Ligand code: ACO
C-alpha cells in the first residue's frame with residue numbers, strides 16, 4: 001500500500017458580497033435573526049454575466065491547488081467532483097473540468113453527497129492513491145446555490161444559509177509512510193432523505209409536470225430543510241464520526257490540532273467544539289463570511305486555514321461533515 005497526501009489546496013469565491021441586509025430587501029428577514037441562528041454575516045453569490053458557474057469556480061480553485069502542488073493539469077490522473085448544484089442535470093461537473101482544463105482523457109467521477117460530498121470525494125481519492133492505481137487526483141467541491149434558491153419570504157429559512165464558492169485539493173502518492181491521510185470514515189441513513197432535499201427536477205418531478213400541474217404553489221424544485229431535525233442529527237453524527245476516526249488511529253480529541261467541520265451553521269460547529277472540549281485554536285470556521293457552501297465548505301476552509309499558517313507539518317487535522325441523505329463522514333490527516 002502507498003500513502004496519500006494533500007499536496008495542494010485552492011479556493012475561489014465570487015466577488016459579489018451579499019449581506020444579511022441585502023437579503024432583507026428581498027424577503028422578510030433581518031441581520032439579527034440570521035446571525036443569532038446561523039452566525040452568518042454575509043455570503044457570496046454569482047452575479048449574472050460574471051462568467052462563473054459551478055464548474056468554472058471549480059476550475060479556478062483547482063488551478064490554485066495545482067500551482068501549490070507544483071503540478072500541471074496534464075499531471076492529474078483523475079478528477080473527483082463533488083456538488084449538489086452541477087451546471088447541467090447531466091453530465092456532471094467532472095467532465096466540464098476535464099475539458100476546461102485541457103486535461104488528458106482521464107476519469108472524471110461525480111460525487112452526489114451534498115454537505116458530505118467533499119469528505120466522500122476525498123475518501124475515493126485516498127483509496128485510488130493508496131492502492132497505487134493513480135498518483136495525483138484532483139478533488140473539487142463546488143456549489144452554485146444562488147441559482148436555485150427561493151429568495152422570497154417563503155424560502156427564507158433555507159435561502160439565507162447558503163452561498164456560492166469552490167475549493168480544491170490535490171491528493172498525491174507520498175513516500176512519507178508516517179503522514180498523510182490516515183483514514184476516512186463514511187456513513188449514510190437514507191430514511192431521513194426527505195428532511196433536507198431538493199425533489200425536482202428529477203425522474204419523479206420532471207419540469208413539464210411541475211409547470212403543468214402546479215405552476216404557483218408547487219415547491220419541490222426549491223430545497224426543503226427540516227432545520228431543527230437536521231440540527232439534532234448533525235450534532236450527534238459529527239461527534240460520533242470524529243470519535244470513530246480518532247479511535248481508529250489511536251488518537252483522542254486532545255490530539256486534534258485543527259478540526260475543519262463542514263460549515264453548516266456556526267451554532268452546529270460551536271456545539272461540536274463544546275461537546276469535544278476543543279479550544280478556539282483547534283477549530284476553524286469561516287461561515288460568517290461565506291455562508292454554507294455545502295460540498296465546497298471544507299476545502300474552502302481548509303485552504304484558508306492552511307494559507308493563514310494555522311496548519312503545520314505533523315499536525316493532526318480532522319475534516320468532518322454531515323448533510324442531506326443523511327450522509328456523514330470524517331477524514332483524519334497527519335499533515
Ligand atoms: N428570517 C426571519 N425569520 C425566519 C427566517 C429568516 N430567514 N427563517 C425562518 N424564520 C422564522 C420562522 O418562520 C419561524 O417563525 P414563527 O415562529 O412565526 O413560525 C421562526 O423564524 C423560527 O423558525 P424555525 O425554523 O423554528 O427556526 P430555528 O430556530 O429552528 O432556526 C435554522 C432555523 C437556523 C435553520 C435552524 O433550525 C438550524 O440551525 N438548523 C440546522 C440546520 C442547518 O444549519 N442546516 C444547514 C444546511 S444543512 C447542512 O449543511 C447539514
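From the backbone N, Cα and C atoms, a Cβ is placed for every residue, glycine too.
Since we're looking at a predicted model, the values are computed, not measured.
Taking the Cβ of residue 115 (active site) as reference, residues of its chain lying under 8 Å away and at least six apart in sequence are, in sequence order, 262, 264, 292, 294, 295, 297, 321, 322, 323, 324, 327. The active site annotation in TrEMBL covers 115 (among others).
Around the Cβ of residue 262 (active site), 32 further Cβ atoms fall within 10 Å across all displayed protein chains. As annotated by TrEMBL, active site applies to 262 (among others).
Sequence annotations record features per position, and here TrEMBL assigns active site to 292 (among others). Residue 292 (active site) carries a strand DSSP state (E or B).
If you look up TrEMBL, you'll see 109-190 marked as domain 'Beta-ketoacyl-[acyl-carrier-protein] synthase III N-terminal'. Looking only at the domain 'Beta-ketoacyl-[acyl-carrier-protein] synthase III N-terminal' (109-190), the predicted model's pLDDT averages out at 96.
For 246-335, the entry in TrEMBL reads domain 'Beta-ketoacyl-[acyl-carrier-protein] synthase III C-terminal'.
Positions annotated as region 'ACP-binding' by TrEMBL: 263-267. Taking Cβ pairs closer than 8 Å, the region 'ACP-binding' (263-267) reaches residues 37-40, 115, 161, 231, 234, 285-288, 290-293, 297-298, 300-301, 322-323 in its own chain, all 6 or more past its ends.
According to its DSSP assignment, residue 262 (active site) is coil.
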